[in-house]
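Participant: Provided herewith is a single structure, encoded as structure tokens, for subsequent inquiry.
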Amino acid sequence: MQAQESYTPQWHDVCHEDDLVTNSGVCALIGEEQVAIFRIVNGEGTQYFAISNWDPIGEANVLYRGIVGSLGGKTVVASPLYKEHYELATGTCLERDDVSVNAYPVRVDAQRVLIEL
Amino acid sequence: MTSSSQQRIVIVGNGMVGHHFVEQLINSQHDCHITVLSGEGRLAYDRVYLSSYFAGKTAEDLAMTTPETYQEWGVDARVNARVSDIDRTAKVVTLESGETFEYDKLVLATGSYPFVPPIPGNDQPHCLVYRTIEDLEAISASSAQSKVGVVVGGGLLGLEAANALKQAGLETHVVEFAPQLMAVQLDLMGGDQLRTKIEDLGVQVHTQKATQEIVAGEHCRYRMNFSDGSFLETDLILFSAGIRPSDQLGRSSELAMGERGGIVINNQCQTSDPDIYAIGECALWDNRIYGLVAPGYAMARAAVANLTGGEGEFAGADMSTKLKLMGVEVGSIGDAHAKTPGALVYTYHNQPDGIYKKLVVDPSKTHVIGAVLVGDTSDYDTLLQYALNEIAVPEAPESLILPSAGEAPTLGADALGDAATICSCYNVSKGDIIDAIDGGCCSVGDVKGATSASTGCGGCAALLKNVVDSELEKRGVEVSKAICEHFNYTRQELYHLIQVEGIKSFNELLEKHGTGMGCDICKPAAGSIFASVWNDYILQQQHQPLQDTNDTYLGNMQKDGTYSIVPRVAGGEITPDKLILLGEVAKQYNLYTKITGGQRIDLFGARVEQLPAIWEALVAGGFETGHAYAKALRTVKSCVGSTWCRYGVQDSVTMAIDLENRYKGLRAPHKIKFAVSGCTRECAEAQGKDIGVIATENGWNLYVCGNGGMKPRHADLFATDLDDETLVKYIDRVLMFYTKTADRLQRTSVWMENLEGGLEYLQQVVIEDSLGIGDELEAQMQLITDTYQCEWKTTIESPEALKRFRQFVNSDATDSNIQFVTERDQIRPATKAEKFSGEKAIPVEIV
Ligand SMILES: Cc1cc2nc3c(=O)[nH]c(=O)nc-3n(C[C@H](O)[C@H](O)[C@H](O)COP(=O)(O)OP(=O)(O)OC[C@H]3O[C@@H](n4cnc5c(N)ncnc54)[C@H](O)[C@@H]3O)c2cc1C
């Protein structure tokens with residue numbers, strides 16, 4: 001185990017771009033962490049997001065299976081268990097101030113999907 | 001940080017009321033230093049919902065605050081800090097530990113403690129009380145070693161405690177000294193009715209019993225000997241014989257006290273020492289102790305107002321209550337015992353259904369002054385408004401409690417004056433709501449945020465919505481019936497647009513009629529409409545991100561993220577071979593199996609990546625999807641009918657199977673359940689279903705829009721003695737009309753309740769074809785039937801669709817959080833504690 005302070009995030013190559021599903025999520029396992037990855041295509045072009053797959057309220061690894069959408073201009077996923085909304089860009093829960101999930105940087109390079117964690 | 005000029009406020013006790021006081025004081029932004037001294041080992045928690053601890057809530061769930069929150073507020077909070085002494089001259093309180101705190105103002109919020117009658121033997125290990133989390137832990141521990149439990153005291157709390165014992169699996173008794181249950185809130189008749197209901201639930205009630213002593217038992221741990229010579233044996237005794245104010249501090253510091261206890265306060269909640277306040281259950285106002293939380297909150301507010309130079313005083317509180325005891329609805333308002341001189345009483349008693357209602361009016365018959373409701377409290381909110389706001393009653397006051405044979409005189413928002421209290425938890429009047437709306441609130445949500453109305457017990461939600469809608473309408477604001485922020489249309493309007501404009505994808509719909517990206521409300525609604533109108537395969541690429549996760553994965557997601565699998569068993573008829581296959585599949589994949597109320601078999605605990613293989617085996621054996629995950633036809637329940645039964649007059653099984661096969665796959669605003677009974681004995685319970693069919697000598701009677709479940713509704717008799725063909729024609733039309741016109745997630749029962757013209761209108765549309773759309777409705781239904789495909793069959797044949805069924809894109813690992821333990825020879829999800837203990841849990845294996 002590395003000490004918390006000396007840990008530097010790294011980019012992980014997780015899958016091919018075609019493994020993603022437009023306007024929906026898939027999940028990747030990076031080390032012990034489950035990461036939900038979303039590809040959002042709308043009028044503003046294509047965006048990629050990655051957040052933790054763990055639903056802290058339902059306490060299950062399910063966020064990638066939620067419905068994505070927008071609420072008040074924020075791009076969100078709704079937990080498939082109890083329907084709270086998490087902002088994909090930041091991981092904040094819109095319904096509960098005291099709840100959030102990790103958000104991770106994503107990029108696509110030569111059709112490979114990379115997550116920084 | 002105490003600066004020397006800051007006022008020091010010390011609060012003794014951090015129960016619900018003490019905490020509310022702190023919250024209000026922080027909100028007032030009064031410049032002061034706050035110290036909280038909690039006698040318990042934790043900060044405030046929700047005592048009102050204490051019993052939910054037995055249903056799995058934890059101390060954490062019940063907590064109303066955290067040390068961190070108090071810290072953020074700058075409150076110095078101590079736990080295990082019992083105050084043993086107040087020195088009023090030096091203005092210092094001393095803890096049992098000896099630590100001292102100086103105060104400028106002191107607030108006593110020490111609550112109350114359970115009264116244990118002085119019965120010899122009452123101090124034995126399994127003699128318990130019901131007030132704190134520690135008490136509950138003790139009750140749990142004792143229940144685990146007991147078979148029989150007795151609650152002493154048949155009041156509100158006693159019955160709640162009895163329910164807890166019952167749920168813990170004990171043979172449960174209630175022993176009451178008075179001749180009836182809940183003597184404070186109910187009259188004799190009401191108490192009797194409640195008793196009957198509770199006894200039906202298996203709790204034995206013994207009234208007029210005075211316990212003389214508790215001695216060792218012969219069959220159980222203890223024996224309770226009663227003064228009339230009878231006795232009762234039990235392993236556990238729970239005392240719930242009333243509360244007594246925790247007023248020792250008042251007594252020892254010589255504050256004015258009530259004769260029978262309680263610290264005397266004035267309307268500002270000050271005790272006889274103006275620098276000391278008392279609030280909540282330790283305080284005595286006008287010679288009364290209020291044993292409910294709302295009056296305590298009102299005292300807290302009054303004390304804060306007085307301390308901070310604001311306005312507001314405590315002027316008594318309403319003690320009306322509405323609750324559900326062991327599933328029995330009970331309500332009590334105002335002068336339930338009709339003690340007011342000259343009071344007049346109306347009663348309604350329906351013994352077969354266990355309903356008793358009493359209305360108490362003033363001598364001039366103009367105002368409601370009290371009420372008792374047992375078995376049905378649907379009139380409670382209206383009656384309470386009449387009572388609290390002194391609204392003039394209708395000409396025939398009894399109409400307020402008689403079962404509504406048609407017109408129920410509901411109380412419109414406009415009948416209320418501005419001073420009328422809408423939310424009694426947060427003391428919000430209609431005037432406050434109007435102010436909030438004038439201040440810019442334009443929705444129920446806004447008003448809730450601005451006034452806190454309806455954020456307590458939530459009992460006033462419907463009334464609040466009424467008031468807000470009515471006020472907005474008065475201001476010319478059209479109350480939005482839009483489905484969500486992305487479409488300014490109702491579901492019905494969207495249905496119309498999709499059908500008329502031939503819209504086939506969500507993007508097209510959004511482009512033409514919506515804004516933003518859509519959400520988890522409009523996407524599934526649109527997906528369902530596309531399916532009803534065009535009946536495309538639900539997982540087609542373009543539709544797939546629209547589906548609710550249940551629809552996407554064609555299974556019902558359970559709490560741990562696994563799915564249940566429910567194959568269709570049309571009419572509940574199944575061959576031995578199919579039963580064996582279900583068993584084999586369940587065994588191979590180690591699934592939990594349970595028979596459902598809809599006459600089929602659920603298999604639980606399948607991980608997402610196992611679903612395709614499981615369904616492949618099921619489809620190969622002739623099963624189809626049962627749509628248990630969808631807003632669609634679920635099951636058609638049936639009895640065996642004339643084929644086997646001595647009484648059956650028609651072949652209900654064949655009819656059930658035909659109907660199930662005809663309507664399976666229909667996507668609707670909500671789930672739909674059918675039943676077919678072979679005779680009027682009605683073994684299939686068709687009158688509680690969306691569509692109910694009951695055989696007669698001459699054909700079939702059709703019932704519509706019934707419901708069991710959360711809000712039962714008896715189905716309406718729609719048409720009688722139909723032949724097979726007409727029956728199907730009517731059902732086609734009813735279902736399609738419902739699918740076209742209902743709101744999102746509106747069951748047929750609610751749809752009917754809201755349908756203008758009701759049953760008669762529906763009969764006109766369907767039987768007389770008054771709108772001229774009969775043929776169209778039938779054609780639409782025929783299209784759905786003709787284009788039916790088993791979604792699972794289609795899915796397992798499509799490699800593209802199968803891509804969705806995996807936990808990880810980059811690994812074959814399984815979700816390590818899904819763990820099972822064995823209970824009664826089958827799996828169930830491991831609890832959090834079991835997962836972390838790491839011992840009992842079965843690691844999941846890949847099969
Ligand atoms: C099972 C149950 C169900 C209930 N259901 C309902 C309901 O449905 N509706 C309703 O309105 N009400 C209900 N009540 C009543 C409600 O819980 C009380 O009215 C409310 O909790 C009173 O709040 P309080 O702060 O005055 O007292 P409490 O919540 O009793 O808090 C007082 C606190 O002060 C502490 N304390 C006492 N002496 C000292 C001291 N010397 N030093 C330091 N701390 C001290 C105590 O340890 C305690 O933590 C229910 C109560 C119970 C037990």
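Positions of Cβ are set from backbone N, Cα and C atoms, glycine also.
Source: prediction; values computed, not measured.
Dumping what TrEMBL says about this protein:
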- B:8-294: domain 'FAD/NAD(P)-binding' (DOMAIN)
- B:320-385: domain 'NADH-rubredoxin oxidoreductase C-terminal' (DOMAIN)
- B:422-468: domain 'BFD-like [2Fe-2S]-binding' (DOMAIN)
- B:558-619: domain 'Nitrite/Sulfite reductase ferredoxin-like' (DOMAIN)
- B:630-767: domain 'Nitrite/sulphite reductase 4Fe-4S' (DOMAIN)
- B:C639, B:C645, B:C679, B:C683: [4Fe-4S] cluster binding site (BINDING)
- B:C683: siroheme binding site (BINDING)
Participant: Of all the binding-site residues given, B:C639, B:C645, B:C679, B:C683, which has the fewest Cβ neighbours within 10 Å once its own Cβ is left out?
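Facilitator: Comparing Cβ neighbours within 10 Å for the binding-site residues B:C639, B:C645, B:C679, B:C683, B:C645 has the fewest.
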Participant: Kindly assign B:C639 ([4Fe-4S] cluster binding site) to one of the three DSSP-derived states: helix, strand or coil.
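Facilitator: Where B:C639 ([4Fe-4S] cluster binding site) sits, the three-state DSSP reduction gives coil.
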Participant: Based on DSSP, tally up the residues of the domain 'BFD-like [2Fe-2S]-binding' (B:422-468) by helix, strand and coil.
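Facilitator: Result for the domain 'BFD-like [2Fe-2S]-binding' (B:422-468), in helix, strand, coil order: 25 helix, 4 strand, 18 coil.
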Participant: For the recorded [4Fe-4S] cluster site formed by B:C639, B:C645, B:C679, B:C683, which further same-chain residues have Cβ atoms within 8 Å of the site's Cβ center?
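Facilitator: Same chain, not in B:C639, B:C645, B:C679, B:C683, Cβ within 8 Å: B:V640, B:G641, B:Y647, B:G648, B:S652, B:S677, B:G678, B:R681, B:E682, B:A684.
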Participant: Of the stretches B:8-294, B:422-468, B:558-619, B:630-767, which racks up the most C-beta pairs under 8 Å with the domain 'NADH-rubredoxin oxidoreductase C-terminal' (B:320-385)?
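Facilitator: Ranking B:8-294, B:422-468, B:558-619, B:630-767 by Cβ pairs under 8 Å to the domain 'NADH-rubredoxin oxidoreductase C-terminal' (B:320-385) puts B:8-294 first.
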Participant: Specify the secondary structure state of B:C683 ([4Fe-4S] cluster binding site) as given by DSSP, simplified to three classes.
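Facilitator: For B:C683 ([4Fe-4S] cluster binding site) - judged by DSSP and reduced to three states - the answer is coil.
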Participant: For the domain 'NADH-rubredoxin oxidoreductase C-terminal' (B:320-385), how many residues does DSSP put in helix, in strand and in coil?
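Facilitator: Taking the domain 'NADH-rubredoxin oxidoreductase C-terminal' (B:320-385) as a whole: 6 helix, 33 strand, 27 coil.
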